[in-house]
Amino acid sequence: MGKGLSHMPSTHSKADRHRGGRHFSLYMLLGAGLLLLGMAASISLGAARINIATAWQALFQYNHDFSEHQVIRFLRLPRTIADIIVGASLAVCGAVMQGSTRNPLADSGLMGISSGAAFGMAVCFAIFPNSPYMINILYSCMGASIATLLTYTIASVGARGMTPQRLVLAGMSISMLFGALTTVIVIKYRIGKSMLHWSSGSTASAGWVELAVVTPLFLASIAVAISISRSITMLSMGEEVASGLGLHTKKTRLMATLIILVLTGLAVVIVGPIGFVGLIIPHAVRFLIGVDYRYIIPMSALYGAAFLLIADIFGRLYNRPSETPLGIIFAIVGVPFFLYISRKIRRDGV
Amino acid sequence: MRRSTLNGLWINLIMAALLLIMTLISLTTGKMGLSIGEILDVFLGMGTGRNEAIIYHFRMPRIVLAILVGIGMGLSGAVMQTLLRNDMASPGTLGISAGSGLFVMLVITGFQITSLASHFLLPALAFIGGITAALIIFLLAYRHRTDLSPTSLIMTGVAAGTGYNALSLMITLKMDEYQMEFALRWSEGSLWGDKWDFIGIMLPPIVLISLYIYKQYRSLNVFALGAPMAKSLGMRVRFKFITLAIAAVTLSSVSVAFGGSFFFVGLIAPHIARRICGSNHGIFLPVSALAGALLVLTADTLVRSTFPTFGVPTGVIITLISAPYFLYLLTRAR
């Protein structure tokens, strides 16, 4: 990684470059510490409190007779990993989206992608009940693609092109439309139970089988995201600058879109449609480290994972033993943040 | 001028006739089919006891409720669109419905919904929620010495609405099963308050405020020209703006309290009306109200005749019709 940091896009000021490079490893270390702390808390806290030593034993000296060990192995641990995967996916997704579209309000929840993915899940539940996990992912990705395509098309039709506001409004109405369609399917095919179970925004149901399917896809997408992060930085400076620097903008955009769809699809399959993570984390990271996506993307992954983990712990502990869905926590945290950003856009006159 | 008022009268008469026809159709549909003759017999006091019960206890209140909700939302949307001079304003897009909804959820958790006290409490608190939402949204979007940009106002509304909905959902999670079912029905827009005593509470505010708004149609015509123009024509702009805005919020809150969240009616009914009759408010206002009523009643009748066993909420049908239209508006917006 050290090598990659040495040649930065020449358009940045020297001070900026220096600052980003030096603080990056520090912030990454900090994030990793936060993540580890979160993991430890996530494994030991919950409906039943289990101390960390027992958790450690459950991992390395597993004893089938202890119910606590079973809880850790088959409930807490997969859930923790699912939190990490979902958090990282959504945050990276938001970062890639914001960078490649130059739209500060891009977020998979706000833009209707999540509700499209939910719609895909509903269709899948209705047509193929008890289908394997891969099929679920496929359908949710298809739903996500359709919704994205619609939102983008509608937001960019018209004289002034795709402004942040139009993107959000188009995304909102696409969300409502797909939400209504999903309701109709849910009622018609009586899949309310499985949908409700899934759409409440929780990683509680994640098991090892699901993780085994999702993890390779997740790792591959994150790797691709990091590998094109340089191109995304160029794209974020504008189409002309990017092609002036010799970037294949079409190819980069295509890759970015693919990453977005896969990551949203798998996050939605695990956790249900939740928004705002992808909006908040990249902005916070950009505030810390600057505008270079080679730093933003890995840091978003780390901090997104830690953020979701902590939110999930909070959701488990607040109002115990019933759980507060992640979607609610994020909406309550995310709305003021959204308002702040949209005000800032207006002030800066984007 | 005279000719256009005459036209306006005709348009309103035709709309009213359509509404009457729709009411008759709606009376005949349902789990038990009734013929027009049987319905007339009931109205003339010669129907069988069973038919009388079906009509007076089940179908009529529901139809009246649908019409009232439609009138309330249609008018409220029309006023908001004129006051803000923005095509996309409505109780739903501005987040006012969501604010009312939050307070409705509070009433559901705090009180027995079937008791008489809560009948009065429900619209009152829905109104408080709506007003609070309107204030918050206005304050958040307001910037000193600049015109409120329409899209930014709506963006703020959408965001605040999301927040309110999340809070409502949080409250929903603390409910018992009975309250939860009620909350779900409410939030999907399914005309739950179809009993005469609910309608008795709802009718006076809706009628009175509608009349007040109609009386103000000249002011609204002036508002449509823009606030500076209104001021130079000698109108007390701020006072009129505030009273009309409060009237619109009350109207939408009362209809939302008993009808459930009908997100899009307030948006789409004024558009239909503007297409039919232009924007002279003397004609436009009643046509908006009638269009809203027709919309809700038609959707409800559709739901009752096509999905009687599935129970698809009426609000879902309206969303399915209206969301594409909103998108169409968005593509044309400047």
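Every residue, even glycine, has its Cβ placed from backbone N, Cα and C.
Here TrEMBL flags B:6-27 (among others) as transmembrane segment. Listed as Cβ neighbours of the transmembrane segment (B:6-27) (distance under 8 Å, sequence separation of 6 or more from its ends, same chain) are residues 34, 36, 39, 55, 59-60, 63, 66-67, 276-277, 280, 282-283, 286-287, 290-291, 293-294, 297-298, 300-301, 304.
The transmembrane segment annotation in TrEMBL covers B:63-83 (among others).
If you look up TrEMBL, you'll see B:89-108 (among others) marked as transmembrane segment.
Within its own chain, the transmembrane segment (B:120-142) is flanked in space by residues 91, 94-104, 106-107, 111, 113, 148, 152-153, 156-157, 160, 164, 201-202, 205, 245-246, 249-250, 252-254, 256-258, which lie at least six positions past its ends and keep a Cβ under 8 Å from the stretch. What TrEMBL lists as transmembrane segment is B:120-142 (among others).
Residues 86, 88-89, 92-99, 101-102, 105-106, 108-109, 133, 136-137, 140-141, 183-184, 187 of the same chain lie 6 or more positions beyond the ends of the transmembrane segment (B:154-175) yet place their CB under 8 Å from a CB of it. The transmembrane segment feature in TrEMBL is assigned to B:154-175 (among others).
As annotated by TrEMBL, transmembrane segment applies to B:196-214 (among others).
What TrEMBL lists as transmembrane segment is B:241-269 (among others).
Long-range contacts of the transmembrane segment (B:281-298) within its own chain (CB-CB distance under 8 A, at least 6 residues past either end) are made by residues 4-5, 7-8, 11-12, 15-16, 18-19, 22-23, 26, 63, 66-75, 77-78, 82, 191, 210, 213-214, 217-218, 220-221, 224, 259, 262, 265-266, 268-270, 272-274, 314, 318. Positions annotated as transmembrane segment by TrEMBL: B:281-298 (among others).
The transmembrane segment annotation in TrEMBL covers B:310-330 (among others).
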